[in-house]
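Feature annotations, reproduced from Swiss-Prot:
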{"type": "MOD_RES", "residues": "2", "note": "N-acetylalanine"}
{"type": "BINDING", "residues": "45, 70, 71", "note": "Zn(2+) binding site"}
{"type": "BINDING", "residues": "51, 156, 299, 300", "note": "substrate binding site"}
{"type": "BINDING", "residues": "184, 204, 209, 273, 274, 275, 297, 298, 299", "note": "NAD(+) binding site"}
{"type": "MOD_RES", "residues": "211", "note": "phosphoserine"}
{"type": "MOD_RES", "residues": "225", "note": "phosphoserine"}
């Protein structure tokens, strides 16, 4: 009787600008504190596409072939000798950032700021758009039975929204402005509502994206065309009847950041989530004299347990974010679809035996 064929580890690998390939990698062996995962669902992020198109994001440069993907969930296939809280068959969501050392940022609970952190699909670290992947077990979180694999993968972008709303201090009764109706804008909207925001207004250039934001839960939407930042701020105030206490800027566009400063209530907070140009011109004096606090966001920290609780309790519904699904074998087609700006969140299905959500 012929031996069963050994499974292959099909992986999506970027080699440099414009050079994206599907290749078979060796199946990794987990270390003592790691687990081997059979990947199930992995979302495509704008950073994945940027590494494909440009070969770099800022100082993070693709210098050797790198597996893409960091919005992920899967099933435990094998556990390391020291792993006690997980077992084969457990369904897990993966937090992609794992501290390499217990530095000052880890000690203060802000491990996302550690300069030596491992992060999936950030050069030189491989991601998890593949069939099999090993990860630190402490950063793999069991999914409740009522949370799907796709929801587990979406915890990564949801975590950005949680971290942004925490940084902004969103609480009961707040009016919140979200600039940008892409995936991060939409999760920021959902989290703001879950944290008690009374009204959330979302702005964007795209009418279809605003329609989706409205469908998902935005109280008000504003399509931007050729207005000045001051005019946009005036329209936001007109819609809400007052200036928002918190603005979450998810585009990184200079004009949108300017509008965010003008729009935010005196004494309020502007949270910068979107990454744009390194040098940006903003009306800083306008923020200073009105005590508008400007806070940055870099990824997230300490968000996965909260996100899982929100999903399990149905406090947020992120399922409508997924608009396209592709098997891993069609990853190149999926990336082209993303590049064309079609849909909201594209999900790649990595397990050939289970293509369900």
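Glycine residues also receive a Cβ, built from the backbone N, Cα and C atoms like all the rest.
Recorded features from Swiss-Prot, shown on the structure.
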residue	record	DSSP (3 states)
45	Zn(2+) binding site	coil
51	substrate binding site	helix
70	Zn(2+) binding site	coil
156	substrate binding site	helix
184	NAD(+) binding site	helix
225	phosphoserine	coil
274	NAD(+) binding site	coil
297	NAD(+) binding site	coil
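Separation of the C-alpha atoms of residue 211 (phosphoserine) and residue 71 (Zn(2+) binding site): 25 Å, rounded to the nearest whole number. Under 8 Å, Cβ to Cβ, and six or more positions away along its own chain, residue 299 (substrate binding site) finds 97, 112, 119, 159, 160, 163. Proximity of residue 209 (NAD(+) binding site) to non-local residues of its own chain (separation of 6 or more, Cβ distance below 8 Å) is seen for 181, 182, 344, given in sequence order. Counting every protein chain shown, the number of other Cβ atoms lying within 10 Å of the Cβ of residue 300 (substrate binding site) is 24. Cβ neighbours of residue 156 (substrate binding site) (same chain, under 8 Å, six or more residues apart in sequence): 43, 45, 70, 71, 72, 95, 96. Looking only at the modified residues 211, 225, the densest Cβ neighbourhood within 10 Å occurs at 211.
Close to residue 297 (NAD(+) binding site) in the fold, though at least 6 residues off in sequence, lie 160, 163, 164, 167, 271, 272, 273, each with a CB less than 8 Å from its CB. Rounded to a whole number, the distance between the Cα atoms of residue 300 (substrate binding site) and residue 184 (NAD(+) binding site) is 13 Å. Summarising the environment of residue 45 (Zn(2+) binding site), the number of other Cβ atoms within 10 Å of its Cβ, over all protein chains shown, is 23. Comment: NAD(+) site residues 184, 204, 209, 273, 274, 275, 297, 298, 299; largest CA to CA distance 24 Å, whole number.
For the substrate site, whose binding residues are given in the record as 51, 156, 299, 300, the maximum C-alpha distance rounds to 20 Å. Using CA atoms as reference points, the binding-site residues 51, 274, 300 were checked against residue 225 (phosphoserine), and the closest is 274. Counting every protein chain shown, the number of other Cβ atoms lying within 10 Å of the Cβ of residue 51 (substrate binding site) is 25.
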